[in-house]
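> Quick one: structure below, then a few questions.
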Amino acid sequence: MGARASVLSGGKLDKWEKIQLRPGGKKKYRLKHLVWASRELERFALNPNLLETVEGCRQIIRQLQPSLQTGSEELRSLFNTVATLYWVHQSIQVRDTKEALDKLEEEQNRTQQKTQQGKADKGVSQNYPIVQNLQGQMVHQALSPRTLNAWVKVIEEKAFSPEVIPMFSALSEGATPQDLNTMLNTVGGHQAAMQMLKDTINEEAAEWDRMHPVQAGPIPPGQIREPRGSDIAGTTSTLQEQITWMTSNPPIPVGEIYKRWIILGLNKIVRMYSPVSILDIRQGPKEPFRDYVDRFFRVLRAEQATQEVKNWMTETLLVQNANPDCRTILKALGSGATLEEMMTACQGVGGPGHKARVLAEAMSQVTNSAVMMQRGNFKGQRRIIKCFNCGKEGHLARNCRAPRKKGCWKCGKEGHQMKDCSERQANFFREVLASQQREARKFSSEQTRANSPTSRELWVRGEDNPLSETGNERSGTGSSFNFPQITLWQRPVVTVKVGGQLREALLDTGADDTVLEEINLPGKWKPKMIGGIGGFIKVRQYDQVCMEICGQKAIGTVLVGPTPVNIIGRNMLTQIGCTLNFPISPIETVPVKLKPGMDGPKVKQWPLTEEKIKALVEICTEMEKEGKISKIGPENPYNTPVFAIKKKDSTKWIKLVDFRELNKRTPDFWEVQLGIPHPAGLKKKKSVTVLDVGDAYFSVPLDKDFRKYTAFTIPSINNETPGIRYQYNVLPQGWKGSPAIFQCSMTKILEPFRRKNPDMVLYQYMDDLYVGSDLEIGQHRAKIEELREHLLRWGFTTPDKKHQKEPPFLWMGYELHPDKWTVQPIQLPDKDSWTVNDIQKLVGKLNWASQIFPGIKVKQLCKLLRGVKALTDIVPLTAEAELELAENREILKEPVHGVYYDPSKDLIAEIQKQGHGQWTYQIYQEPYKNLKTGKYARIRSAHTNDVKQLTEVVQKVAMESIVIWGKTPKFRLPIQKETWGTWWTEYWQATWIPEWEFVNTPPLVKLWYQLETEPIVGAETFYVDGAANRETKQGKAGYVTDKGRQKVISITETTNQKTELQAIHLALQDSGSEVNIVTDSQYALGIIQAQPDKSESELVNQIIEQLIKKDRVYLSWVPAHKGIGGNEQVDKLVSSGIRKVLFLDGIDKAQEEHEKYHNNWRAMASDFNLPPVVAKEIVASCDKCQLKGEAIHGQVDCSPGIWQLDCTHLEGKIILVAVHVASGYIEAEVIPAETGQETAYFILKLAGRWPVRVIHTDNGSNFTSAVVKAACWWADIKQEFGIPYNPQSQGVVESMNKELKKIIGQVREQAEHLKTAVQMAVFIHNFKRKGGIGGYSAGERIIDIIATDIQTKELQKQITKIQNFRVYYRDSREPIWKGPAKLLWKGEGAVVIQNSEIKVVPRRKAKIIRDYGKQMAGDDCVAGRQDED
């Protein structure tokens, strides 16, 4: 203790002991706090000696601060202690902890800019898990639970969509291989995806080992070893080795390398989930441009290409693959157009409507010019017209081709078009007032955001006003102007000055004009009649009258007449910036826009019954009074259907709006909260309160610019009157953005209260609030009232009927007591007959109960739901399901409670096996006091064992613990250390093993048999194999032993995989207690090496039984068809009569030819009758053919006469390549110069050898030259220019260039000159590599295509000729000739004809005549007199 107490001494210790723990509190810091902090630092793996210096405290603060958000109360206390000590070391006086934290925050804010600049200079990310400690050593900082939780949520929500890759890249910034494996382990449940990822990692690791061979000899002292592929993957390297490699000089970035491998694998997985190619994305003739863009970018994200290539694809393919209408517009915009400009320009383009508009525009221009010719002799020079839309002269707005300008062309306001504008024509002050209105509108919206009151009020701009109010919470956020506020609890009557006379007048925002009682005003007036509620009255109209309202001056029209009350109308109120403010939360609105290029919903309202219309009118009238909705006019073109339903067991109606269409057009919102809070994560508190926010969504304002899209209409019966139109001012129920915006807004509102009361725990989920504290009940309730007042100031009410003050508290489906919690009471129904829906609800209730009731099982009940059943189908309960339900009823009879979390104690998770693949677990801190319980019964693969299932349970519990408590528990597992260790050493995800201990809770988990790692000396060796015929389903399985024994059995209705397993079962049956088995089946090896103890396959279960009986078993794999002794013998044995076996006969010749030509495996399999696996093995064993992948071809125009030409460069020389698009056939030559003359000569040679109709080239100077154009003209060749990767472009030749260079690389050493190697490569490509359509080589394919083309043309001629004939025919024994029918085909014995249907008529009953263009009439023998063909 002495060493730890030496952190402070002398005067500093005195200063320390004068600092208060809390502002105004009695308790102060003591020496014991330093001792406690030293011990805590050791728990967090930090050096306690750091507390002795300023720099050391700064280091601790940097380490602890990022974890405060998810950390425990102990962590926060430690941080507060170190922060206070930091200022004592600097001899800076602080009174209490809060002041120390405030000063620390100020200092960090001052240095933030400097720190950011330092980061930019270094160019190094500060998010690395490897950090430098005080001693200068590089240490590892594990990934935070928050990061792992975010990664898990991404996979759960996005599956393996393209967004997963950038998210993984961001979350794993600077991670070590161990960190990356931890991330993979947390999503290890996706086995198919993980297997693909594993295969990719293994391939890349093998490639790394091949490219980085091990250095011979021992490693010199002081030098670290080079990492192998498995080291980079984190399976054979320690964390310290990884850190050493990553921080050495020069560094070996094993983390980044491994991350690159994982991203390669993720790309493959994404490809599997998103198999569409970017080349396939084309805009349909009538498809809206915005939908096409959505599809394009969705597929683009999945493309495996660099960002530069993706940018290029966006610039070119997006335009090229648009439909002709949109493409014309996009090309007119130019190459620099943004996506938003494209969307705007193409809005509404496409389909018959667009074509009609274009035609109308053309017709109107023709008509106008004709009219001008007729009127040319009358008036003088024609007035120049100007477009409202683009501002240019010479055309009208309706004929304008520019993108339509937003808003009305008359008044400039948005939300309606000029034809719907309600502005009156005779508005002499329109331009002046419009500018003032715009200013007032802008001004008032800013003020509304900052200082909107909590009751309905009228605001008027003013300089001085004693009525101005500002709340404490909002002080400092308002505008620099002072706005008077006039509440509407009484009539808003103010004193105004008109023409120097004072009058009391009502501020009426619903009146258009200002009307006063008899008052003498100077100036001229004119009579006018105005309509009011009581009828029409005669008034005098005075123009340009000056009026002063609340210190503001306005000039406008005043009407004087017998009005019952003086009214100041909108013509004056708008000039002084008067606004009407509703009781909506004054928080800043979240800006929302529609998806780019989309417009709002325009869905018609469907008919409603009379009672529903009355209910909706009543509901909406009340909502309008409360300011939640506003009436709108016909200028709003949008609409969403509305309807009403009755509450369950009630006569009250509920209004529902069908926002599905608006939701489609609204961008996605990121859910602020990733899940619901769990009571097991709550800390025990002395006082607790549960609140509910009333009308939660309706208390948060909706973005003003977005409100128009929420419009809806209440119809009338029999269309008696126009529908009543409304739009929402607040967040609507059913709109996709409401939950996220509400959560975000509520978090901002609660932030000041949280800051002010850090010792109070406040859980917020939607409109449910849980508040806990360690205060006495009186103080606690005072704080609750303070919270309620705080919420009320922001417009949120907390109804008394949902204000829970006394336990038990009902919260989020749970029942909370002061020192325990449970789920709310669960009653299981007792039914004679169960429907599918009943069982689904029952399983849901049991799953909910399982989080606190241990031992709940649902496996047998879930089995009842297998298959596709209707919800109302009756399902009989099986005996097992009835037993399971009865056991669950017994469990639920006894009430069970969970306790609350204590951060000072460790978490312990205990797992038990229940049998039949079901598991249960409890998480606790003290024995018999569970925090929560759970169950697991998911079987992820057909063949599994208990150890594998146990690891899945451990994974689930660990993930659950990270989410609820932010840390993993210590596990107590029913398995021996040796069994667990044996399994994990073989299991591929052995990178993260949780802390655990053995607990002897029967039944224990064990491995029922163990496979040997080395052959058993002295044991008999069985070579096993199986074969099956795919067509007949007949098969054989057997074995051959090293002692001369052999056995073969015949099997029916089987497959190759089953026969391989049957052969292993046969060997196990006929062998002794020790046996060596050799198979060539990876399938069978994979199943048995996983050591399953149960399987869905009966055959695998039989093999497991045999394995358990054996003392020792060794299982090995050898490749098939390689001439390996016993394997070859047994293969011939089981293949007899089943399949044709060709072994070594052609292998030598194939290998010899491959060394010369490096032909692909398809060509060798075809030419030498080799099995594909053997041919692939020959290619795999060739060191020059280890280039990954083959050229991928997009969809291009594959007409027989189309060729693509391009120049490529190699060894400083130019190779001119021509590719026949349909076949892939290549012609190539090394040319002396990239000139038009050489290119034209090459084209003429090509045309002399093959039929060339069209050539596609790029825009190179040699291809665009006059010489090439002349050659093409002479040879009657059409020349087209394209863009790479685009249909009818250069994609094929670009990929063939790569393929050609690859082949040249393989044969280059066989030729002295490059031109020789080029021709060798052309020969190999055209005749020695097979594949693609028909399995031909390119040379065979081009000949086949040309021959087929000739035959097709000839056949077409015959068809055309045949179609000139008509057929008269007789049916069965009827003597009457029928017809004429159309001749489709003429054979030797019959003809095929088409009349009302297609028929086959014998040749002897048909008369074929030539169609001379006139109808043959009558049923006589006219047909017989015609010439028969």
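In case you wondered, yes, glycine gets a Cβ from its N, Cα and C as well.
What Swiss-Prot records for 7-31 is region 'Interaction with Gp41', and it gives similarity to another entry as the kind of evidence. For 8-43, the entry in Swiss-Prot reads region 'Interaction with host CALM1', with the evidence type similarity to another entry. The region 'Interaction with host AP3D1' annotation in Swiss-Prot covers 12-19. According to Swiss-Prot, the region 'Interaction with membrane phosphatidylinositol 4,5-bisphosphate' annotation covers 73-77, on the basis of similarity to another entry. According to Swiss-Prot, the region 'Disordered' annotation covers 105-124, 439-479. For 110-124, 445-455, 467-479, the entry in Swiss-Prot reads compositional bias 'Polar residues'. The annotation region 'Interaction with human PPIA/CYPA and NUP153' is assigned in Swiss-Prot to 185-223 on the grounds of similarity to another entry. The site 'Cis/trans isomerization of proline peptide bond' annotation in Swiss-Prot covers Gly217, Pro218. The annotation region 'Dimerization/Multimerization of capsid protein p24' is assigned in Swiss-Prot to 273-359 on the grounds of similarity to another entry. Feature annotation from Swiss-Prot assigns zinc finger to 385-402, 406-423, 1145-1186. Here Swiss-Prot flags 484-488, 532-538, 571-583 as region 'Dimerization of protease'. Swiss-Prot lists 626-816 with the feature domain 'Reverse transcriptase', giving sequence analysis as the kind of evidence. Annotation comment: Swiss-Prot describes Asp692, Asp767, Asp768 as Mg(2+) 1 binding site. Residues or ranges marked as region 'RT 'primer grip'' in Swiss-Prot (evidence: similarity to another entry): 809-817. If you look up Swiss-Prot, you'll see 1016-1139 marked as domain 'RNase H type-1', on the strength of sequence analysis. What Swiss-Prot lists as Mg(2+) 2 binding site is Asp1025, Glu1060, Asp1080, Asp1131.
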> For the region 'Interaction with human PPIA/CYPA and NUP153' (185-223), how many residues does DSSP put in helix, in strand and in coil?
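Tallied per class, the region 'Interaction with human PPIA/CYPA and NUP153' (185-223) gives 23 helix, 0 strand, 16 coil.
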> Which one is closest to Asp692 (Mg(2+) 1 binding site) in space, judged by CA to CA distance, out of the recorded positions Pro218, Asp1025, Glu1060, Asp1080, Asp1131?
Glu1060
> Where else in the chain does the region 'Interaction with membrane phosphatidylinositol 4,5-bisphosphate' (73-77) make close Cβ contacts, counting only residues six or more beyond its ends and a cut-off under 8 Å?
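Residues packing against the region 'Interaction with membrane phosphatidylinositol 4,5-bisphosphate' (73-77) from afar: 40, 44, 64, 67, 683, 903-904.
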> Could you tell me the C-alpha distance between Asp1080 (Mg(2+) 2 binding site) and Pro218 (site 'Cis/trans isomerization of proline peptide bond') in angstrom, no decimals?
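One finds 38 Å between the Cα atoms of these residues.
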> Measuring Cα to Cα, tell me the gap between Asp1025 (Mg(2+) 2 binding site) and Pro218 (site 'Cis/trans isomerization of proline peptide bond') in whole angstrom.
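Between the alpha carbons of Asp1025 (Mg(2+) 2 binding site) and Pro218 (site 'Cis/trans isomerization of proline peptide bond') there are 44 Å.
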> Measuring CB to CB from Glu1060 (Mg(2+) 2 binding site), give everything in the same chain under 8 Å that is also at least six residues away in sequence.
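Counting only residues 6 or more apart in sequence, the Cβ neighbours of Glu1060 (Mg(2+) 2 binding site) under 8 Å are Val1024, Asp1025, Gly1026, Ala1037, Thr1079, Ser1081, Tyr1083, Ala1084.
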> Give the number of CB atoms, excluding that of Asp1025 (Mg(2+) 2 binding site) itself, located within 10 Å of its CB.
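Cβ-Cβ neighbours of Asp1025 (Mg(2+) 2 binding site) within 10 Å number 29.
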> Work out how many Å separate Asp1131 (Mg(2+) 2 binding site) and Pro218 (site 'Cis/trans isomerization of proline peptide bond') at their Cα atoms, rounded off.
45
> So, in DSSP terms, is Glu1060 (Mg(2+) 2 binding site) helix, strand, or coil?
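Looking at the DSSP assignment, Glu1060 (Mg(2+) 2 binding site) belongs to a helix.
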> How big is the Cα-to-Cα gap, in Å, between Pro218 (site 'Cis/trans isomerization of proline peptide bond') and Asp768 (Mg(2+) 1 binding site)?
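Just about 67 Å between their Cα atoms.
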> Take the region 'Interaction with host AP3D1' (12-19) and average the pLDDT across it for me.
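Summing pLDDT over the region 'Interaction with host AP3D1' (12-19) and dividing by its length gives 85.
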> Three-state secondary structure of Asp692 (Mg(2+) 1 binding site) from DSSP?
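In the DSSP reduction, Asp692 (Mg(2+) 1 binding site) maps to strand.
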> Among the binding-site residues listed here (Asp768, Asp1131), identify the one with the smallest other-Cβ count within 10 Å.
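Each of the binding-site residues Asp768, Asp1131 was scored; lowest Cβ tally within 10 Å is Asp768.
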> Summarise the region 'Interaction with membrane phosphatidylinositol 4,5-bisphosphate' (73-77) by DSSP state, stating how many residues are helix, strand and coil.
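Tallying H, G and I as helix, E and B as strand, the rest coil: 5 helix, 0 strand, 0 coil.
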> Using DSSP, what is the helix/strand/coil residue split across the region 'Interaction with host AP3D1' (12-19)?
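The composition, in the requested order, is 5 helix, 0 strand, 3 coil.
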> Specify the secondary structure state of Asp1025 (Mg(2+) 2 binding site) as given by DSSP, simplified to three classes.
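In the DSSP reduction, Asp1025 (Mg(2+) 2 binding site) maps to strand.
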> On the DSSP side of things, how many residues of the domain 'RNase H type-1' (1016-1139) fall into helix, strand and coil, could you say?
46 helix, 36 strand, 42 coil
> Which Cβ among the binding-site residues (Asp692, Asp1080) has the fewest C-beta neighbours inside 10 Å?
Asp692
> List the helix, strand and coil residue totals of the region 'Interaction with host CALM1' (8-43) as derived from DSSP.
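Helix, strand, coil within the region 'Interaction with host CALM1' (8-43): 19 helix, 2 strand, 15 coil.
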